[in-house]
Amino acid sequence: MTGDWMSKITHSGLKSWIEEVIALVSPKDVRLCDGSEAEYQQLCQQMQEAGVMTLLNPELHPNCFLVRSSPDDVARVEQFTFICTKTKEEAGPTNNWRDPQEMRAELHELFQGCMQGRTLYIVPFCMGPLHSPFSLVGIEITDSPYVVCSMKIMTRMGASVLEMLGSSGTFYKCLHSVGKPLAPGEKDVAWPCNPGHMRIVHFQDDSSVMSFGSGYGGNALLGKKCVALRLASYLGHKQGWLAEHMLVIGVTNPEGRKKYFAAAFPSACGKTNLAMLMPKLPGWKVECIGDDIAWIRPGDDGRLYAVNPEFGFFGVAIGTSEKTNPNALATCHSDSIFTNVALTSDGDVWWEGKTATPPQGMIDWKGRNWTPGGEPAAHPNARFTAPLDHCPSLDPQWDSPQGVPLEAIIFGGRRTETIPLVYESLSWEHGVMMGAGMSSTTTAAIAGELGKLRHDPFAMLPFCGYNMAAYFEHWLSFAGKGLQLPRIFSVNWFRKDENGQFIWPGFSENLRVLEWIFRRTDGEDSIARRTPIGYLPTEEGLNTTGLNLSRDALQSLLAVDTQGWRAEVNNIREYCSIFGSDMPRQILEELSRIENELK
């Protein structure tokens with residue numbers, strides 16, 4: 001097997017990099033992945049035999065598997081995620097920076113011999129539609145068959161990508177290891193990892209990623225957050241486009257007119273639910289381009305076009321149910337991998353929120369018999385990895401090489417007070433300030449940070465690959481290019497009343513907010529009123545027919561809380577101070593304008 005890959009790779013730069021890596025990590029075997037279904041099944045079979053994967057009941061979930069990770073490798077690890085640029089200033093105050101030379105030396109030591117006793121897999125992948133001029137090719141070298149199978153679902157992967165790369169194409173070097181070499185005769189564990197030495201490192205000078213010690217999704221599937229956001233955002237800054245942590249949907253009204261919207265929410269704030277929304281209002285349709293990442297570029301006609309670079313969903317399982325997201329359950333019905341969920345006695349999967357009553361006789365995510373009233377059966381960051389084309393509401397343009405034209409950009413977060421249900425920016429600059437000022441209650445997708453309110457500008461705090469002040473400036477620069485820019489909105493489904501209950505019903509009823517946004521992009525002025533914080537819906541402008549929502553509740557959702565907003569402005573201004581003199585003045589001017597108008 002070791003020599004087979006040589007004849008199939010015509011790219012001399014790729015060949016020499018692979019040889020370098022093999023010499024460094026000393027694998028027992030080398031395998032070039034072709035992305036075929038036969039290869040996927042063989043690797044899944046191999047993982048079943050090793051006790052890594054459990055085949056689910058094929059009558060309930062055809063061709064689906066359950067994987068349990070180590071309890072200390074369950075989420076992205078921001079404290080061990082580094083951006084290596086020439087200077088610390090280029091990475092900015094929100095990123096962990098290390099000197100590239102020092103970090104390379106440290107990683108060289110960690111990777112030395114780290115694949116002993118393991119197979120090295122070469123995984124060619126493409127972020128974006130094959131043969132789109134905007135797509136990026138990466139090669140991930142990994143010692144994890146779980147990563148190989150997940151990359152087959154999450155990216156366009158295999159022989160077709162090598163063919164596309166040819167003998168001289170540009171590619172991103174992505175090196176990953178679980179960091180647990182095996183001595184001769186040593187028995188492997190089900191989920192090898194090395195929590196004491198985790199490193200997820202991005203080198204912007206040569207567009208490469210090195211990840212060590214973790215097998216978890218965001219740390220190990222290097223095409224996702226690493227290439228498609230952290231490296232791509234840096235590239236976009238240089239080339240005049242945006243790589244964003246955004247869902248993209250097509251919304252069609254009862255007259256048959258369709259518009260595309262992009263929306264940025266922090267992890268576990270409902271991106272996947274909105275991306276797969278099933279409207280209750282008659283005649284409306286919502287279709288999904290993607291639920292997590294959007295690459296946005298100016299088109300020849302002056303509009304901004306969005307592409308989803310991914311090929312699958314890596315969705316949060318907790319809370320996903322027939323009520324909250326039936327399309328997600330349909331998407332992961334077959335050909336999917338579930339990680340850290342519970343296993344039922346009949347070979348099905350379960351997680352908190354899937355049904356009102358937990359089934360009897362389950363095995364929890366740690367592999368133990370589960371008893372009600374104890375620890376959760378599924379980990380809070382349990383995931384499903386499912387193919388994009390299994391989504392029942394997939395948009396026909398999902399694979400378009402040019403992308404889809406955006407008419408609205410939406411920012412949202414999990415805020416229990418102050419922030420209204422929906423409002424629209426007064427200008428592009430004001431909209432950029434709205435994105436820069438985003439904050440949200442944190443979730444289980446980030447290790448060790450559950451339940452705190454934190455600033456998360458554009459939902460990109462963990463994913464922006466350069467100085468965020470320069471990133472804000474980059475967003476602002478689109479106003480000076482003569483483009484037909486989308487309108488910008490803010491939404492907040494998570495307002496609570498004095499009893500701690502959510503005021504807005506959410507989920508499929510969020511279509512009512514999308515309807516207001518749709519009508520605003522049509523230029524309907526009568527449905528909005530201008531306030532210091534932006535255009536808010538009039539009470540009659542928001543369609544609440546058939547909702548059990550009192551007038552008082554509606555008014556509180558659409559009110560400008562003067563005191564709360566003064567505190568919000570101060571809070572955003574204080575946060576902006578970490579960027580010092582790099583902070584764009586337009587954002588500070590917008591904050592001052594709001595403050596003055598609130599008086």
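Quick reminder: no glycine exception, Cβ is built from N, Cα and C everywhere.
Model, not experiment: these values are computed from the prediction.
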From K187, K225, K259, K323, grab the residue that Swiss-Prot records in the same Mn(2+) site as H245, D292. K225
Given that Swiss-Prot assigns A268, C269, G270, K271, T272, N273, R383, F507, S508, E509, N510 to the GTP site, pick the one from R297, R303, R414, R415 that the record assigns to that site as well. R414
According to Swiss-Prot, R76, Y216, G217, G218, N381, A382, R383 bind substrate; identify which of S26, S167, S168, S267 is listed for that same site. S267
Among all chains shown, work out which of the binding-site residues S267, N381 has the most CB atoms within 10 A of its CB. N381
Let me make sure I understand the structure: which of the binding-site residues listed (Y216, F507) has the fewest other Cβ atoms within 10 A of its Cβ? F507
If we take the Cα of S267 (substrate binding site) and draw a 10 Å sphere, the binding-site residues of K225, H245, F507, E509 inside it are H245
Of all the binding-site residues given, R76, K225, which has the fewest Cβ neighbours within 10 Å once its own Cβ is left out? R76
Counting every protein chain shown, other Cβ atoms within 10 Å of the Cβ of H245 (Mn(2+) binding site) number 25
